[in-house]
Ligand SMILES: N[C@@H](CCC(=O)N[C@@H](CSC=O)C(=O)NCC(=O)O)C(=O)O
């Protein structure tokens, strides 16, 4: 699989790069960013943590705003930052709303036309992109973790819960915890998956935990002043699901923090150390 290097720059003795490729699964060009830590040299393979971003984001938001590279360099973690959806599909309404279409792929495989042809972010993130990364970067595919923010927190939790042996560590910042029960998720799931809500459970962390908890510890930070907390994120539902199902978790409510990347950059070191405990 071919890869285009759009830019590469030195960063904490490692390399921060932006790349694109032609995705068979998403039916067009996709962008992503990778941070290679200094330990990834002379043939040495390093563990990788994938960060899934939230609504309106591209591969650039976390890469430029989270300040994760310094600690990733210290811990020897490769970071993979995918885009949040296919782009330029030409579907009606694709660019009209911030919470549907471009920038809002919700990390699922759409089953409803027209989205089903290209909005296949679940398969892209779990199959095509890791294979491409393994071909072009010195990654140890047996040591992978996943984390994310908001819509990307939902993606990280669901992808871990559906693939606990591949994504061995998991964490999230302000995740959409129960997409079947909040306006962002219900709008996206109706459009992408259709009206049958029983089919939504496959992409709902609370339902997945109740069905089959994982052996990992789910680590979550949430800002207490997050404007999306009660209507969209609903961490109380995830905490209840974890408690009922016996899922190991740590949930931290952070006083005074909001939903922004200032919140993320404050706690990103804790998240990377959480992943390193399992992966290194
Ligand atoms: N209506 C807002 C919503 C956009 C927003 O807040 N996006 C968040 C993720 S929200 C959940 O997935 C984000 O990460 N934005 C990018 C950033 O760099 O802050 C709006 O359109 O502004």
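Cβ from N, Cα, C; glycine included.
Predicted automatically and left uncurated, TrEMBL annotations should be read as such.
Because the structure is a prediction, the values reported are computed rather than measured.
Secondary structure at residue 150 (active site, charge relay system), as computed by DSSP, is coil. Positions annotated as active site, charge relay system by TrEMBL: 150 (among others).
TrEMBL lists 226 (among others) with the feature active site, charge relay system. Long-range Cβ neighbours of residue 226 (active site, charge relay system) (same chain, at least 6 residues apart, Cβ-Cβ under 8 Å): 174, 233, 257, 258, 259, 263.
What TrEMBL records for 259 (among others) is active site, charge relay system. In the three-state DSSP classification, residue 259 (active site, charge relay system) falls within coil. A sphere of 10 angstroms centred on the C-beta of residue 259 (active site, charge relay system) encloses 21 other C-beta atoms.
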Same chain only, sequence gap of 6 or more: which residues have a CB within under 8 Å of the CB of residue 150 (active site, charge relay system)? 54, 55, 173, 174, 175, 176, 228, 233, 259
